[in-house]
Amino acid sequence: MNAKFILLLVLTTMMLLPDTKGAEVIRCSGSKQCYGPCKQQTGCTNSKCMNKVCKCYGCG
């Protein structure tokens, strides 16, 4: 019973994880390093360096 529940929980978690294929990881040490790459991806410079990875916000 417990093994079935754990297996079901693992399978459900795996299916709910976001698909990150094709997403480009941009490494950074400061937010200024994110402006150019994010402008190429989204068309806007709205970005932030968090945990040494750029987070692009896009326009709006």
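Just so you know, glycine gets a Cβ as well, placed from its N, Cα and C.
Swiss-Prot has this to say about the protein:
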- Cys28-Cys49: disulfide bond (DISULFID)
- Cys34-Cys54: disulfide bond (DISULFID)
- Cys38-Cys56: disulfide bond (DISULFID)
- Cys44-Cys59: disulfide bond (DISULFID)
- Cys59: cysteine amide (MOD_RES)
- 1-23: signal peptide (SIGNAL)
- Lys48: site 'Basic residue of the functional dyad' (SITE)
- Tyr57: site 'Aromatic residue of the functional dyad' (SITE)
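Taking only the Cα positions, the spacing between Tyr57 (site 'Aromatic residue of the functional dyad') and Cys44 (disulfide bond) is 8 angstrom.
For the pair formed by Cys54 (disulfide bond) and Cys38 (disulfide bond), distance between Cα atoms is given as 8 Å, rounded to the nearest Å. Comparing Cα positions, Cys49 (disulfide bond) lies closest to Cys34 out of the disulfide-bonded residues Cys34, Cys38, Cys56, Cys59. Within 10 Å of the Cβ of Cys49 (disulfide bond) there are 17 other Cβ atoms, across all protein chains.
According to DSSP, Tyr57 (site 'Aromatic residue of the functional dyad') sits in a coil region rather than a helix or strand. Proximity to Cys28 (disulfide bond), defined by a C-alpha to C-alpha distance within 10 angstroms, is shown by the following disulfide-bonded residues from Cys34, Cys38, Cys44, Cys56: Cys34. The two recorded residues, Cys59 (disulfide bond) and Cys38 (disulfide bond), have Cα atoms 11 Å apart. Spatially close to Cys44 (disulfide bond) yet at least six residues away along the chain are Cys38, Cys56, Tyr57, Gly58, Cys59, judged by Cβ distances under 8 angstroms. DSSP assigns Cys34 (disulfide bond) to a helix.
Counting in whole angstrom, Lys48 (site 'Basic residue of the functional dyad') lies 7 from Cys34 (disulfide bond) by their C-alpha atoms. Listed in sequence order, Ile26, Cys28, Ser47, Lys48, Cys49, Cys54, Lys55, Cys56 are the same-chain residues at least 6 apart in sequence whose CB falls under 8 Å from the CB of Cys34 (disulfide bond).
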